[in-house]
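Taken from Swiss-Prot as is:
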type	residues	note
BINDING	78-91, 286-298	NAD(+) binding site
BINDING	ARG99, ARG109, ARG139, ASP228	substrate binding site
BINDING	ASP228, ASP252, ASP256	Mg(2+) binding site
SITE	TYR146	site 'Important for catalysis'
SITE	LYS196	site 'Important for catalysis'
Amino acid sequence: MKKKYRIAVLPGDGIGPEVMREAYKILNILKYHFSLPLEIEEFDVGGSAIDKEGVALPKKTLLGCENADAILFGSVGGRKWDSLPIDQRPERASLLPLRKHFNLFANLRPAQLYSELKYLSPLAFLIVIKNGFNILCVRELTGGIYFGQPSGRSKTNNFEYAFDTEVYYDYEINRIAHLAFQLAQTRNYKVCSIDKSNVLNSSILWREIVKKVSLSYPNVHLSHLYIDNATMQIIKDPNQFDVLLCSNLFGDIISDECAIITGSIGMLPSASLNEKKFGLYEPAGGSAPDIEGKNIANPIAQILSVSMLVRYSMNLKNIADKIDYSVISILKKGYKTADIAHDNNYLKTNEMGDVIADALISGE
């Protein structure tokens, strides 16, 4: 174990600070109950940073992240800053620069439907009745059509047109594929690679390299699906999937599809990693300004983001499992926040944080 783990905490805007307060309860238990050598420092980001310092990602915040072993991120954005130029708004001017600065090429989005919450899924009950489902979307985050050049708009002969370019280098596909197979070895040993190799040259290269990488992992079963078929198969039977390996564009689409069939995005964490396993960990949802300050936001995604941080950047699987089990145990006992309750009997944000913290300490 390292002598010290430095965590940069960036609560951000909207419900970010509210759910981060509950994550602090878990961090403090890790530090004082489990004796993990954590050093935690908080920094401004997003709209709150714009209000205080004029920019969404202040130099002090970036330096604090550089000196950390991982970033625990809340959420950014809100109507207050929508009048700013697009490249100065909280989302575009903070989260994207952090991803680029730290070369966070891999986005991990778990989508799990807990058996206690099957009624939340929009899918037919018979589809999810087995054991819920547990899918991990592994999305390449720094290449592909979102970053390819040329990209733009133009006019010719009285016609206006727009264009984007899908570019993937072999090393980009290679590293995300290796990560997907390595993660599958910690789960159910299945990788399904998503592409459109019947049409796109970039997908042809994608499939070729994924096949080559798979030879290094003979105990992992590899399958391939075109993106259109994959979106249908997830609805038809999500239980058939374990790890989904996706390009930037396809991963953007399919990870959101996986999220919505769980019934509540407030349950879902995410991680963005670089090759050294430095990571930015955040809830999959947004800043939800409509419920800001009402103490009804679901803190589970933020708490599970702590679990992912402990699992991937600190490599402490046993501690991460304890956090995950604490969440499962309180769900089994019937504790719910407003977004996952089917009646008015639900816990406030701080109350949910308390019961999860108590479960983590007691191990029950």
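Note: Cβ is positioned from N, Cα and C throughout, glycine not excepted.
Shown on the structure are the features that Swiss-Prot records.
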residue : record                         : Cβ within 10 Å
GLY78   : NAD(+) binding site            : 23
ASP82   : NAD(+) binding site            : 11
ILE86   : NAD(+) binding site            : 9
TYR146  : site 'Important for catalysis' : 15
ASP228  : substrate binding site         : 11
ASP252  : Mg(2+) binding site            : 18
ASP256  : Mg(2+) binding site            : 14
ALA288  : NAD(+) binding site            : 24
GLU292  : NAD(+) binding site            : 17
ILE296  : NAD(+) binding site            : 18
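Largest Cα-Cα distance over the residues recorded as binding substrate, namely ARG99, ARG109, ARG139, ASP228, equals 28 Å.
Relative to ARG139 (substrate binding site), the binding-site residues with Cα atoms inside 10 Å are ASP252, the candidates having been GLY78, ASP82, ASP252. Cα-Cα distance from ILE296 (NAD(+) binding site) to ASP256 (Mg(2+) binding site): 23 Å (rounded to the nearest whole number). Around the Cβ of PRO90 (NAD(+) binding site), 27 further Cβ atoms fall within 10 Å across all displayed protein chains.
Each of ILE227, THR231, LEU249, PHE250, GLY251, ILE253, ILE254, SER255, GLU257 belongs to the same chain as ASP228, ASP252, ASP256, is absent from that list, and has a C-beta within 8 angstroms of the C-beta centroid marking the Mg(2+) site. Counting other CB atoms no more than 10 Å from each candidate's CB, the recorded positions ARG99, ARG139, LYS196 peak at ARG139. Under 8 Å, Cβ to Cβ, and six or more positions away along its own chain, ARG109 (substrate binding site) finds LEU136, CYS137, ARG139, GLY251, SER255, CYS258, ALA259, LEU268, SER270, ALA284. When the recorded positions GLY78, TYR146, GLU292 are ranked by how far their Cα is from the Cα of ASP252 (Mg(2+) binding site), TYR146 comes first. Cα separation, ARG99 (substrate binding site) to TYR146 (site 'Important for catalysis'), rounded: 13 Å. Put simply, of the recorded positions TYR146, LYS196, ASP228, ASP256, the one whose Cα is nearest the Cα of PRO90 (NAD(+) binding site) is TYR146. Distances between the Cα of GLY78 (NAD(+) binding site) and those of the recorded positions TYR146, LYS196, ASP228, ASP256 are shortest for ASP256.
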